[in-house]
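Okay, structure first, notes after.
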There are 4 protein chains.
Amino acid sequence: MSWNSFGRVFRFTTWGESHGPAIGAVIDGCPPGLSLSEADIQPWLDKRRPGQSRFTTQRQEPDQVRILSGVFEGRTTGTPISLVIDNVDQRSKDYSEVAQAYRPGHADYAYDAKYGFRDYRGGGRSSARETAARVAAGAVARLVIPEVSIRAWVSEVGGDAAEALDAAEIDRNPFFCPDAAAAERWEKLIDNARKAGSSLGAIVTCEANGVPAGWGAPLYAKLDSELAAAAMSINAVKGVEIGDGFAAARLRGEENADRMRPSENRDSPHFLSNHAGGIAGGISTGQPVRLRVAFKPTSSILTPVETITRSGETAEIATKGRHDPCVGIRGAPVVEAMMALVLADQKLLHRAQCG
Amino acid sequence: MSWNSFGRVFRFTTWGESHGPAIGAVIDGCPPGLSLSEADIQPWLDKRRPGQSRFTTQRQEPDQVRILSGVFEGRTTGTPISLVIDNVDQRSKDYSEVAQAYRPGHADYAYDAKYGFRDYRGGGRSSARETAARVAAGAVARLVIPEVSIRAWVSEVGGDAAEALDAAEIDRNPFFCPDAAAAERWEKLIDNARKAGSSLGAIVTCEANGVPAGWGAPLYAKLDSELAAAAMSINAVKGVEIGDGFAAARLRGEENADRMRPSENRDSPHFLSNHAGGIAGGISTGQPVRLRVAFKPTSSILTPVETITRSGETAEIATKGRHDPCVGIRGAPVVEAMMALVLADQKLLHRAQCG
Amino acid sequence: MSWNSFGRVFRFTTWGESHGPAIGAVIDGCPPGLSLSEADIQPWLDKRRPGQSRFTTQRQEPDQVRILSGVFEGRTTGTPISLVIDNVDQRSKDYSEVAQAYRPGHADYAYDAKYGFRDYRGGGRSSARETAARVAAGAVARLVIPEVSIRAWVSEVGGDAAEALDAAEIDRNPFFCPDAAAAERWEKLIDNARKAGSSLGAIVTCEANGVPAGWGAPLYAKLDSELAAAAMSINAVKGVEIGDGFAAARLRGEENADRMRPSENRDSPHFLSNHAGGIAGGISTGQPVRLRVAFKPTSSILTPVETITRSGETAEIATKGRHDPCVGIRGAPVVEAMMALVLADQKLLHRAQCG
Amino acid sequence: MSWNSFGRVFRFTTWGESHGPAIGAVIDGCPPGLSLSEADIQPWLDKRRPGQSRFTTQRQEPDQVRILSGVFEGRTTGTPISLVIDNVDQRSKDYSEVAQAYRPGHADYAYDAKYGFRDYRGGGRSSARETAARVAAGAVARLVIPEVSIRAWVSEVGGDAAEALDAAEIDRNPFFCPDAAAAERWEKLIDNARKAGSSLGAIVTCEANGVPAGWGAPLYAKLDSELAAAAMSINAVKGVEIGDGFAAARLRGEENADRMRPSENRDSPHFLSNHAGGIAGGISTGQPVRLRVAFKPTSSILTPVETITRSGETAEIATKGRHDPCVGIRGAPVVEAMMALVLADQKLLHRAQCG
């Protein structure tokens, strides 16, 4: 079953802890013959990489990926692709206090309850550092679905929503914000939160264009079900919406109906709206696939909070160390990667069953 | 991989179409020695059963379950449990128009795009009728987790939220509404929608009490990830939240932190709040596991909407036949069932790895 | 994971006990649009059906299959296909003694040790009756691989090997024996064993022609690995060989090498021999895929044998009831079915990864 | 589904090619709290390591394993364990000819037919070098089943069978031969084959003692079915037997019956024989689990054999480079590892379902 694997035919497994020697991913089921080198992966890792602005953790990780298998003379061979990223900037001394007390909002207590003990250095396996391995795997997934373009952006920080949706703007600010005015506001919001020893939540929106009708399948491997599982597996995520999501629960049937008209392309009708987020009955409709993901505020905060120790004594803990004041921001490249991973898998699955 | 199966160790597979002779589920991996008969399953099916009030479809299905295997002398044997529910009130004549035109919001077009054709009678496999099989399987799952009690209710209909949360009220009205005043309002809301040939969305909340700390596992089989996949696999669901969900994205770190205090039970600290919905790092914390699920309005409406035919001509379609004006209502027992199925599976998985 | 499922994309799950009301299979992942009715399945069930000669159990089961889902207007829809076969000739009274004492060679003791109790009627889930469900599923699998023709025959009974290999002969005798002279000898052998209250083992050979090069994949889902698992999952099987099997261990490298020559068909070289049984590196080579399967003698014999009771007392047991004197014979259609099921799955998997 | 993974709860994935920078394995689902360091793995790798005598390939690989994740302060954490073994003695120049012509008996042609091209250096992914990763994973699996002791030996080389079964002898000769006299004969046999540019097959026997009754499960995840898949996934394996295997097909029912007598230990009856190889109905009986595996002769031989080139021309090929004259010998530690991996998985699965 594999707790640390995802996907069915295009399947990846990640391993590694925040303060171990390295993290990595093994991709199994990648089609053969795709052109692949580290240069295809590195740019996506660089987008997620920490330490690039004062709005993310100051941990300096170059996140250089190495391909150890599955590629020969520049092309994928169809055998497992092993990706490794060395950890170079661990500072384990920061975490001594965490070894003894549970940080509220973190996995500390749950891991101890489950496993009896835990690697407390930087959160161990529960650290968002693992998402670098997803981003690397996602870069390979993108090669499997050249017909699809995927774009994620941060649509809300600390309750303040972006209004404009200017794709060109997304990469111009450190927040993946598609609205220049909002980006300015967020800069202040995040600075204030950071200085106050607090943190903020965020909402990430992700859209995939070019997904043909027919990917996904009833009933327990629906495309939306896979996307929900993928998104909810990311650290700090607490909510997922497809298309209108919770807002759809407030529409009337005739408002929510995505009406159709004939188009020149018979395979792809003209839809008058996309409340459904490009998925009906668990199967893509040919419209853009749209996903919204809610990230809670970073649990690691300098503000001291009441908690207990491993031995059950009362305590107070302030999480020092280096942390993102708003984890949702660096969540954007991770959501993109998960979208790519799900779609690559679904493309291959569709091909398996329907030729 | 199985598109129509769910779960890893406690695993079920469903089959059947709205207007075929029967629907059913096969449960694999159920522990041996549990007392089980049809009488353990039937009450849960009766809660979901259609035709019990004017607020649900008038299709009359007794939904009598039969156990065809896996039980001997009243106890589960550890081998597959086959459950069958006959369809008795199909009226296929109602669906002739649907064969030719695509109903917006339905899976019609997507199924055709994927499979080349579809069983158009009552939506075929995409009908919510399949959820009866889930409810039956969920009844068996409940026997695996006697330490857990699960309760789902409808917390919002057509944008009108229940305010009170009175558990005793839930079964006193046809809406699984925990607020008597809201139930009265919803009666009018739904009646009006039905008479107007329209439909309404709803939000279902589900809570599991008694889940011990330690179920679930990082990273791609997190308890919340499994719940999200389970919920999103239900017909008409467009959004899922764990704990505070999207609202958490608007909290600050110190607001969202679920502070802990020592309790008399060393295995179970006293949490001062439950923003996390009982899950941290993908693992249960011992608090109530809380899930919220958004259902879109029923796509089958009498109001005619613009669409296209199979051959690509423009058309207008009004979905006659018998339908729920608000599918979310009967979604409550289904969400409960999925919660039970996920938790039963996670309990066994935890036992596998951690003894 | 599913203990009672097999296959990855074309996946089936079986359920049912020897003396329950019915047995069945659910097939998930079947491609859509294949022409399918009960008439496509019944002939294969009829070949395996008991009670057709004095050389098989006298239990009279018509083995009429019903398709309950997944087919619409005569074609597969791509959704799960539920197959049910009613049990009609159970005689549970025959098994009272078995409830208390363990039959050597049977699963009785192992089931009790695992599950704490067991359905002792006719062996319950461990009965070869389950293989009818495999044969039904296998009939559907055949439709997925029309390019392949599969033929199994009994090549040895009680140590007496068939010498001729006359395909036309196989269906002319009740032993699936390809050698008329051997069939005559086997008739006497089996009659004698039956009259002596004894039983015989057998070896089944199965060959699939038309399998193109390229099906299967390294390393843990090799085609030969899948076939070995499939064959070993059949009741009473104790050995599996691909190609020359154990005899290959006695060849020298240059003897075992399947030399190749150019052929007119560039995609399919001319092989001078087929020691490998059509599989190299876990992948088909385009040669016939050849499998040999060893069946132990039927464990149910009239000759009394020493054993113990459930409470640990010494006992002697003679298995009355109705049994095949040589289970391997009816194993031939089952091996054929498993070959079809594995190849259908591998075809779809190859299509998934390699297009 | 994962082509390169094995196991269900205790699950491992291997990656790497013969001449890539490294090979490795990721283990998922290992119970937490087990004491583990490289020193627990290295001795098993050393047994399989090449270049230790003139009877194995002269490739010099230190096979030093590194643990990159899943262990903290000397104990397994329950998260994925990443194992890496660097390749240090690749000599890719040896394989230039192989790039153009297909070696009979090798995966060359099949890989090309499947993937369109292949990593021809040392066989790439199809090299037996991958088995080092299995042996490393198997060493971890052993820690999960301390109650079990596993021993494999070579029971036959080139048709010459060992007669004595002296456990102490197995590690005293370079053939894992339990019979000192046979070991002397094999030395000559293998030397002669090597000098003649030929190669030999072998049979490996493996026995697991201490397996309690109750591991394994019907019907498609039977213990014997899992072992057959595991064994057949090893390079060069063409046959698998459980217990008496093919010889059982020549026994009569009363000969094959493993009679039982009461023993002092009520949980474990006294069996008078073990024809079944410790497995009945797919479930362990408490007797030793016995497996026999047939290895074909090494396909890489110096004797030139007829073949074709990639472009379909006739050719002759003699495989130079460094090869084992009898791959079956180093197969013994690999079979042991696979036995350990299957049993660890089955133990956890049994615990999942049956507590």
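Backbone N, Cα and C define each Cβ position, glycine as well.
TrEMBL annotations:
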- C:ARG48, C:ARG54: NADP(+) binding site (BINDING)
- C:ARG125, C:SER126, C:SER127, C:ASN235, C:ALA236, C:GLY281, C:LYS296, C:PRO297, C:THR298, C:SER299, C:SER300, C:ARG322: FMN binding site (BINDING)
- C:255-269: compositional bias 'Basic and acidic residues' (COMPBIAS)
- C:255-274: region 'Disordered' (REGION)
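Recorded features from TrEMBL, shown on the structure.
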{"residue": "C:ARG48", "record": "NADP(+) binding site", "DSSP class": "helix"}
{"residue": "C:ARG54", "record": "NADP(+) binding site", "DSSP class": "coil"}
{"residue": "C:ARG125", "record": "FMN binding site", "DSSP class": "helix"}
{"residue": "C:ALA236", "record": "FMN binding site", "DSSP class": "coil"}
{"residue": "C:LYS296", "record": "FMN binding site", "DSSP class": "coil"}
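Checking the binding-site residues C:SER127, C:ALA236, C:THR298 against chain B with a Cβ-Cβ cut-off under 8 Å leaves nothing. As a summary of secondary structure, the region 'Disordered' (C:255-274) carries 2 helix, 4 strand, 14 coil according to DSSP. For C:ARG54 (NADP(+) binding site), the nearest of the binding-site residues by C-alpha distance turns out to be C:SER300; the candidates were C:ARG125, C:SER127, C:ALA236, C:LYS296, C:SER300. Contacting chain D by the Cβ rule (under 8 Å between Cβ atoms), the binding-site residues C:ARG54, C:SER127, C:THR298 reduce to C:THR298. In the structure shown, across all protein chains, C:THR298 is the one of the binding-site residues C:SER127, C:THR298, C:SER300 with the greatest number of other Cβ atoms within 10 Å. Each of the binding-site residues C:ARG48, C:ARG125, C:LYS296 was scored by other CB atoms within 10 A of its CB, and the lowest score goes to C:ARG48. Comparing local CB density within 10 A for the binding-site residues C:ARG54, C:ALA236, the maximum falls on C:ALA236. For the pair C:ARG48 (NADP(+) binding site) and C:SER300 (FMN binding site), the Cα-Cα distance reads 19 Å. The record assigns C:ARG125, C:SER126, C:SER127, C:ASN235, C:ALA236, C:GLY281, C:LYS296, C:PRO297, C:THR298, C:SER299, C:SER300, C:ARG322 to the FMN site; their largest pairwise CA distance measures 44 Å.
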